[in-house]
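Colleague: Take a look at the following structure, please.
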Amino acid sequence: MNYASPRHAGPLDALLIEVDRALQVLSRSAVAGRAYPAHAAEAPLADTEKRHAAGLMRVNHVGEICAQALYRGQAVACRDAGTRELLREAAAEEVDHLVWCDRRLKELDSRPSLLNPLWYAGSFALGVAASVAGVPRNLGFMAETERQVEAHLDEHLRTLPAADERSREIVRQMKDDEAGHRESAERAGGIPLPAPVRGIMRAMSKVMTGTAYRL
């Protein structure tokens, strides 16, 4: 099934599209629309460095699982056609990130998080809930999500093993894309979220990253 949602899909069609998307994401069968950005030669890494790089890329992979589900949840409950399209476009670009992180995990002889089904389900539900708050808050939620993801990616660029340029190339491209998503949401009318909401989002993100690094 095509990732793009038909503009006039009925409720059953919409449900089938979301189920298909979830299955493709969770089964690791999604296909990137852009070329793999890692071009540097694979450098030798010590076992501890390899495990650390894999842990960070697993965190990034979970982040893309969550972004995929979050934006799909926001879009499915959003009544504004323009906002829906913006969310779906961002979700489609996140597929590239998802596939890139998965490929890098394989190169590092590692695996995605064992909890991915839970991350996806929870994020989809959160996206639906965010959409109920209205378009400005919905877009504000998207912008804040991307802002926090950018901060995580900056940290990963600092803490990845010095020799792991392949992972860095992926993370740099992801960071550029996330900044574009944030700017698009702000231009479309997203408003800043209240400080308590931003704090809750950071706390939830901290739990996710700490867990995904190991599991």
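Backbone N, Cα and C atoms are what each Cβ position is placed from, and that goes for glycine too.
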Colleague: Given that Swiss-Prot annotates E146, E178, H181 as Fe cation 2-binding, name the residue from E85, E94, E107, E165 that shares the site.
Modeller: E94
Colleague: From E64, E144, E155, E169, grab the residue that Swiss-Prot records in the same Fe cation 1 site as E94, H97, E178.
Modeller: E64
Colleague: What is the separation, in Å, between the Cα atoms of H97 (Fe cation 1 binding site) and H181 (Fe cation 2 binding site)?
Modeller: 13
Colleague: Taking only same-chain residues 6+ apart in sequence, whose CB is under 8 Å from that of E64 (Fe cation 1 binding site), what do you get?
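Modeller: Counting only residues 6 or more apart in sequence, the Cβ neighbours of E64 (Fe cation 1 binding site) under 8 Å are E94, H97, L98, C101.
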